[in-house]
Amino acid sequence: MKFFALFIYRPVATILISIAITLCGVLGFRLLPVAPLPQVDFPVIMVSASLPGASPETMASSVATPLERSLGRIAGVSEMTSSSSLGSTRIILQFNFDRDINGAARDVQAAINAAQSLLPSGMPSRPTYRKANPSDAPIMILTLTSDTWSQGELYDFASTQLAQTIAQIDGVGDVDVGGSSLPAVRVGLNPQALFNQGVSLDDVRSAISNANVRKPQGAIDDKTHRWQVQTNDELKTATEYQPLIIHYNNGAAVRLGDVATVTDSVQDVRNAGMTNAKPAILLMIRKLPEANIIQTVDSIREKLPELQTLIPASIDLQIAQDRSPTIRASLEEVEQTLVISVALVILVVFLFLRSGRATLIPAVAVPVSLIGTFAAMYLCGFSLNNLSLMALTIATGFVVDDAIVVLENISRHLEAGMKPLQAALQGTREVGFTVLSMSLSLVAVFLPLLLMGGLPGRLLREFAVTLSVAIGISLLVSLTLTPMMCGWMLKSSKPREQTRSRGFGRLLTGLQQGYGTSLKWVLNHTRLVGVVLLGTIALNIWLYISIPKTFFPEQDTGVLMGGIQADQSISFQAMRGKLQDFMKIIRDDPAVDNVTGFTGGSRVNSGMMFITLKSRGERHETAQQVIDRLRVALAKEPGANLFLMAVQDIRVGGRQANASYQYALLSDDLSALREWEPKIRKALAALPQLADVNSDQQDNGAEMNLIYDRETMSRLGIDVQAANSLLNNAFGQRQISTIYQPMNQYKVVMEVDSRYTQDISALEKMFVINSDGKAIPLSYFAKWQPANAPLSVNHQGLSAASTIAFNLPTGTSLSEATEAINRAMTQLGVPSTVRGSFAGTAQVFQETMNSQVILILAAIATVYIVLGILYESYVHPLTILSTLPSAGVGALLALELFNAPFSLIALIGIMLLIGIVKKNAIMMVDFALEAQRNGNLTPEQAIFQACLLRFRPIMMTTLAALFGALPLVISGGDGSELRQPLGITIVGGLVMSQLLTLYTTPVVYLFFDRLRLRFSRNNSQPESITEP
């Protein structure tokens, strides 16, 4: 009593405390960062290594395996995958959530150093690492185009000037430059001219290497001066290399230009990048795992004017893709939804109270509670994101509940003629415990979420804490500010029955009278109600088992990614044509705003595309509908496939797959994996629950297998090293020298000119100079035959691995897809040597599925414990929790009605319903117990009276929660796919629970009371009957 009086009789202090809470919230709001979702990125580090010309199998065995053995010893590595292709290896390390990315990077560098002695000596550079996830979609893509600059010059400018500057911006993890390669002097050899002059390819390589040497020459000193010695020992351009003497034939000088075409070109001619229909260089910017996407993008945009000053007028720099506009639009939508929810909740309160002055009291509690929450969010390191703002939207219906309960009870005393301050004090004292019980039991629902680990726990933590803080502030406001305002603003009035004669008041009176009549009938047919209650429990179980499930709602971010997978024997020229064809098909779609793409590098038969869709206001289709439409047109392109997927704010794992979900096959027997992977992929592709099924196992590339005749080689004076060096010199784009420039270093690249490698007959033109100085054709000591070879070799851990990626057809849930895959694997009878498991997002979904029921039961158990402590009873918490089955049925039926799968967002809704619907029972049980104790009423009379007296606040609080969630259901625009499942779940659960719990709760109350009475009699303790 003294606690409440302290605030009621000191209005100035109470108001100032509320203002202080509000001001702290305003300050916190201005300081909070903005993000699409809570920070849930796994710490990921990518290790890269190269050995030009090495086959994928060589890269896997000699480079990937030693590194994997060393990296695998690092603490906190949750998953390690690698992919080795022609001349390159990429290892992806995913760490546990609690692993610091900077500490992990130091351990990675130490592991690379430890493995250095086991790596091949011919590697041009040490392995490097980056703190970025290559499977993440870029947060921004910049393009460079020019009508006068070559692609190599643009690439050089982008990598040496722009990429270096952008990489230094806070939050940027990686800047990947694509579309070409660094400038280089290319030496295209003429094998016939070399044969005629008697010059071997090794002679050419040695001559070029020896002619371009950068060594210190020292200095000369005399008594008064010092001169540095400098020579023209470096050659920098193709023009300078052409007259280079590489050999003497019968006294005549043989110059490089006589046997080769020397050009200023690029290191790797098998690269191409495009934006819309124009050749371009792409700068693909990815953020650090712990960075905020909006802050990082804003920092890049702030830097762009400075970058523009570095760019010549003949180069056009454009932002081809920026993920932040849709994120900002989504947050604006949810902020508007929050405002609408607040307005609807206040409107509900006004309809019930029919007084502007009375409505103002709970209306003040809403902004104070919501705004004050921002301060706690800032202190906890949270952000303004879709989930935290949805928590505040839902909180509008909660934070007003406590004020409504207090206000309604004080109003009842005022109508009985009590003075305002006395009514405020008495009314608050009567319902103080009720309000405390409702708030603490609601917060208790979220305790299991706070203790939940992994990605789901990280994702839901901000939601749970934000909502809990809002409820806590609401509890404080409803027990301090609300009674103070009631005591000083409201006046004694006539009973409601005399003032409510029309409109909504008459409707509410009629409902209350009808409820009283129907409740009498129900209390006389309790067995039927018991059957209904048991039926809802069974229906809950059946609906949960049968409803389609997914991990997270599919988002429409307005950005698509596409992976091109062509025939494994396709040439680069043909692949570049496929890229152009695919880009034209996509560019012609009316929903597409911009498209960029690139191909080439170590995997000639693959490419990537990034597609920006028009804003939601400019297109009538969702991203998935655009993909479905494009899939039909893209399927008509022969010889290659383009797999499209909508970019999501949550992507788990480091695999660069061509679809949203993955199923990984592992085996210690590579031959078994290669035998069974095509069978499994074919079986999965036939499933109607899957779409765009593809695999990263590519072991049917065209290969020309050379077989040496070692006896002939020995007789001719040729060793294997010389033969292998010949092939590397001829076909490996061998980097044979380095050109040092002030801004960068460039390579001299040697290979047989492409004019002489149009078919396999090029091998017949190759020769080796033996130990006697004679030119021996390759065909003299080797024969060749076509064969199949892998284009890539993949590992997970230290096992051979293959990843089958898939998308979901429209209308199919992830649970249906995973169940279909498990059935298919069982039917195929895959041997134990090949192990299959879901990876990435699908793996997290499986883990979440296994813990959902446990999480719900833990929440219920926590609420029971809290209520049991508050009521000092084992029985009354069960009465209150009996409201939950009807809410679960309503939520699951609503999801089925709207064809929405049960996702992590819907799980949040279920958890919220556990806290919401029990409020009705708490208000009934509290008043029934009070009536039994102080009114000398029978249990039947007490619960009946409690139901009638609390009907009005129950209706008010339920409608406030329902209208607070309703905007989530009907909202459209960006991000609506995240908001709607939450709103659907809550609205469905509230409607069903309101219809049933008004009748089931009193029946359950009487059942447990009779059970308690019978138990007390059996134990000869009749005195305990009257105890609460």
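Here the Cβ of each residue, glycine as well, is placed from N, Cα and C on the backbone.
According to Swiss-Prot, the transmembrane segment annotation covers 3-23 (among others).
Swiss-Prot lists 333-353 (among others) with the feature transmembrane segment, giving sequence analysis as the kind of evidence.
Look at Swiss-Prot and you will find 360-380 (among others) tagged as transmembrane segment, backed by sequence analysis. Outside the transmembrane segment (360-380) by six or more residues, the chain places 18, 21-22, 24-29, 31-32, 338, 342, 345-346, 349, 388, 392, 395-396, 399-400, 402-404, 407, 462, 465-466, 469-470, 473-474, 477-478, 481-482, 485-486, 489-490 with a CB less than 8 A from a CB of the stretch.
Sequence annotations record features per position, and here Swiss-Prot assigns transmembrane segment to 387-407 (among others) based on sequence analysis.
Annotation comment: Swiss-Prot describes 431-451 (among others) as transmembrane segment, evidence class sequence analysis.
As annotated by Swiss-Prot, transmembrane segment applies to 463-483 (among others), with the evidence given as sequence analysis. When Cβ-Cβ distances below 8 Å are used as the criterion, the transmembrane segment (463-483) is approached by residues 3-4, 7-8, 14-15, 17-18, 21, 38, 361-362, 364-365, 368-370, 372-373, 376-377, 380, 382, 387-388, 390-392, 394-395, 398-403, 405-407, 410, 424-425, 427-428, 432, 435-436, 439, 442-443, 446, 449-450, 908, 912 of the same chain, each at least six residues removed from its ends.
According to Swiss-Prot, the transmembrane segment annotation covers 528-548 (among others), on the basis of sequence analysis. Within its own chain, the transmembrane segment (528-548) has Cβ neighbours under 8 Å at 522, 812-813, 815-816, 853, 882, 885-886, 888-889, 892-893, 895-896, 901-902, 996, 999-1000, 1003-1004, 1007, counting only residues six or more beyond its boundaries.
Residues annotated as transmembrane segment in Swiss-Prot: 853-873 (among others).
Sequence-distant neighbours of the transmembrane segment (875-895) (same chain, 6+ residues past either end, Cβ-Cβ under 8 Å): 441, 533, 536-537, 539-540, 543-544, 547, 860, 863-864, 867-868, 901-902, 906, 909-910, 913-914, 916-918, 920-922, 925, 929, 981, 984-993, 995-997, 1000-1001, 1004-1005, 1008-1009, 1011-1012, 1028. If you look up Swiss-Prot, you'll see 875-895 (among others) marked as transmembrane segment, on the strength of sequence analysis.
Away from its own ends, the transmembrane segment (897-917) comes close to residues 394, 397-398, 441-446, 449, 456, 459-460, 463, 467, 544, 547-553, 811, 813-815, 848, 852, 855-856, 859-860, 863, 883-884, 886-888, 891, 961, 978, 980-986, 988-990, 993, 997 of its chain (Cβ-Cβ under 8 Å, at least six residues beyond either end). Positions annotated as transmembrane segment by Swiss-Prot: 897-917 (among others).
Annotated transmembrane segment per Swiss-Prot: 953-973 (among others), in sequence order, evidence recorded as sequence analysis.
Residues or ranges marked as transmembrane segment by Swiss-Prot: 984-1004 (among others). Sequence-remote contacts of a segment are chain residues at least 6 beyond its ends whose Cβ falls under 8 Å from one of its Cβ atoms, and for the transmembrane segment (984-1004) they are 394, 515, 518-519, 522-523, 526, 529-530, 532-533, 536, 878-880, 882-883, 886-895, 897-898, 900, 905-906, 908-910, 912-913, 916-917, 920-921, 924-925, 943-944, 946-947, 951, 954, 958, 961-962, 965-966, 968-969.
Cβ atoms under 8 Å from those of the transmembrane segment (853-873) belong to residues 433, 436-437, 440-441, 444-449, 452, 544, 880-881, 884, 907, 910-911, 914-915, 918, 925, 1028 of the same chain, restricted to positions at least 6 beyond its ends.
Counting same-chain residues at least six beyond the ends of the transmembrane segment (431-451), those with a Cβ under 8 angstroms from any Cβ of the stretch are 4, 398, 401-402, 405-406, 409, 457, 460-461, 463-465, 467-468, 471-472, 474-475, 478-479, 855, 858-859, 862-863, 865-867, 870-871, 880, 911-912, 914-916, 918-919, 922-923, 926. Tertiary proximity for the transmembrane segment (3-23) is limited to same-chain residues at least six positions away from its ends with a CB under 8 Å from its CB atoms, namely 364, 367-368, 371-372, 375, 421, 424-425, 428-429, 432, 473, 477, 479-481, 483-484, 487-488. A Cβ distance under 8 Å defines the sequence-distant neighbours of the transmembrane segment (333-353), meaning residues of its chain 6+ beyond its ends; these are 359, 362-363, 366-367, 370, 386, 389-390, 392-393, 396-397, 400, 404, 407, 411, 504, 508, 952, 955-956, 959-960, 963-968, 971, 973-976, 979.
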